[in-house]
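Following: one structure in structure tokens, then a few remarks.
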Amino acid sequence: MPPTPTTSPAAAAAPGADGAGAAAGRPRAGGPGRRLGRSGGRPPRREPQGPAWIFLSPWVLGAAVLTLLPMAVSLYLSFTDYNLFDPPSWIGLRNYVQMFTEDPRLLRSVGNTLLYVLVAVPLQLALALAAAVALKSMRRGKDFYRSAFYAPSLLGASMSIALVWRALFNDGGTVDNFLSTFGVHTGGWVNRPGWALLTVALLTVWQFGAPMVIFLAGLQQIPGELYEAAAVDGAGRWRQFASITLPMLSPVLFFNLVLQTIQAFQVFTPAFAVSGGRGGPADSTLFYTLYLYDRGFTASHMGYASAMAWMLLLAIGIVTAVLFRTSRSWVFYANEEGH
Amino acid sequence: MYRPRTRAFGAAAAAFALCAALAGCSQGASAAGDGKVVLRFTWWGNADRAARTEKAVAAFEKAHPNVDIRTSYSPYEAYKQKLATQAAGGDAPDIVQLDYRQISQYAGSGILLDLAEQRKALPTGQMDKSLLRTGQFEGKQYAIPMGVGTQALAYDKEAWREAGVPPPRPGWTWDDLESVLREVKREHDSPVMTDPGSMEDWFEVWLRSRGKRLYDENGQVAFSEDDLTRYWTYTSKLRKEGLVSPAEGTTQLDGSVENSPMGRKKAMAEFNWDAPSAGFESVYGDRLALAPMPAGENGTMGQYYKPSMLIGISAKSSHPREAARFIDFLLNSDKAADILTVDRGTPVNNRQRERMLPNLTGFQKAVADLQKSLEGKLKAPPTAPPRGDNALQSVFQKDYDQVAFEKASPRRMAQQFLTEARAELRP
């Protein structure tokens, strides 16, 4: 008979009999108890799990009520027509069909999002890598610059910084005024279709600190002997970078690439702030998430917005899978050598 | 023997209770500890309206010490979204300010209280009957208009005077507008007016001045592709000539002064609603003036009197009587009228209207004068717009963006707008 959890008085009594009552304060979730009582010969017993569940309950409740349940509801809503006020009515796949057949603005938002991902992610990663390499070879002030470069990542996702960005790059904003002193009058960036997306991408690129810190950690894992050996063989700095740093760093690069790509697909706040929530000028910053928000909260088509959200999940899943697939050909794991 | 288990459970339970208590602290809205009745009241508007409203709330609380009114406000776009989410979650504030465009939605979905239930606390005998009708849905009074407003041209009268152009008078036409803009531009050499092409509100006035309308009785689109193409071709002509703001300025319009070309002094005039134009006062001071909207060739006026906003009570409010008393105070009492004046449009209560209008000064007088100059000239207001209109307003603006940035022709975008509108209004 398998060991029964908590409710068995014998199991509950065990820690007390051991005089190890305090250990019950650090319960393990599931699995047989490792610390057995005096009677080592008996089959392993479970530790009482009640306290474990009570301690876990905030997280479990949070995950269930705030994540899983809403996800389930949104999946249901995606097959309904729901305007927030009247009860949702089942319409089957109509939302999904409409997305592909009669929504030109949706296609534009997909295009914008892809363009943004293709511009912002490579730029951000390149800058992060360059900064990490520069920081690694730096002798003095390393800690200061590391913190300084990292700081924007802490601020980046906030609404306030996006509003500052808008003020900086607006017509008559700081950047415009500054350039005007050199006789270059731009008339603002956030209000021009060709420039607004770039301004938002710039905000993302500016937050290169997070991937930089991860690159830096990765760089420090590369054994110094490799560089020494390469130097003896006469390899220059560029050659060392291309032949040692890049391959050795490729797992970290891959990790950052996946993480930043997923994040970039979900970009919302800067575009929302820069365009006043409309994705303008001329739909140029209308990202997928922004359009989703517009459909759900401005136009009150919650069913349609839910369907869009599930398509986004699917799309990000596919892109991530593709990245993993390609990684086989370019990501190099040092411990694979023996295979 | 069971002690340790009990202790562990006790610790966990205590921790859990603590979490719950901490979470609980952030809530606690509806009933204050001292037995006061707590009401939540939300509205949209600018800082000036907020200051006046807070003052009126304070006066009410002073007269009713057992009532505590918690207020919050935001710009219209944000307000609309937040209120819809709250209402959907069954957590609408006790007292809500609503737009004409929201009435059918909120009343039809059982979110608002039938005010007949609170007739004693909130008498409506002195209010204009035809205006009261704007807050009715299927024969029941769900909301009460807070004021009356109409569309207008807000402009810098000094700029007009310097250019030697007389103030526009009722009956001036859209062609007159074009030539006036040209004359003012000759003097000042910069865009004169905020491009009116991006707002459905002004398109509606233009349509009505040609004897047409936005929606028919069934809530379907009542204008043609040609109508919209003609309107956008007209505004594009103004824009290309530099008479109205360029696309880069127009695209930022969001109802706030700081994002409008006129508010940023990149233009000297703008179509707006009469009372809300007071927002420009902080920039233009007493140079700010109001003129009627242009009329059609045969003198048909397109603008109309509209309930500027309405007020209602949540059907779920636990203190509907106090809420009704508060609305009664806001709309019917001398005290509140003196504080609020015409910030939400001219009063609906006839007694307050007669008492207030002759004594106004400054810009508020301009609002009253404009309405007076239009008396008897305006046609009946359109029926309450269909639900989808809310979304179409912003689609209209997005589509015009494509025209203004010259990414597509007026005809193509008019076509697209109608396709979108028909999908949105599909029953």
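Cβ atoms are placed via backbone N, Cα and C, with glycine included.
Some features that TrEMBL has for this protein:
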type     : residues  : note
REGION   : A:1-47    : region 'Disordered'
COMPBIAS : A:9-27    : compositional bias 'Low complexity'
COMPBIAS : A:28-40   : compositional bias 'Gly residues'
TRANSMEM : A:52-79   : transmembrane segment
DOMAIN   : A:110-323 : domain 'ABC transmembrane type-1'
TRANSMEM : A:114-135 : transmembrane segment
TRANSMEM : A:147-168 : transmembrane segment
TRANSMEM : A:195-219 : transmembrane segment
TRANSMEM : A:240-259 : transmembrane segment
TRANSMEM : A:302-324 : transmembrane segment
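The transmembrane segment (A:114-135) shares more Cβ pairs under 8 Å with A:195-219 than with any other stretch in the list A:195-219, A:240-259, A:302-324. Outside the transmembrane segment (A:240-259), and at least 6 residues removed from its termini, the chain residues within Cβ reach (under 8 Å) are 121, 125, 128-129, 133, 211, 214-215, 217-219, 221-222, 226-227, 230-231, 320, 323-324, 327, 330-334. Among A:147-168, A:195-219, A:302-324, A:302-324 has the largest number of CB pairs under 8 A with the transmembrane segment (A:52-79). Remote same-chain partners of the transmembrane segment (A:147-168), defined as residues 6 or more beyond its termini with a Cβ less than 8 Å from a stretch Cβ, comprise 131, 135, 174-175, 190, 199, 203-204, 206-210, 212-213, 269-270, 272-274.
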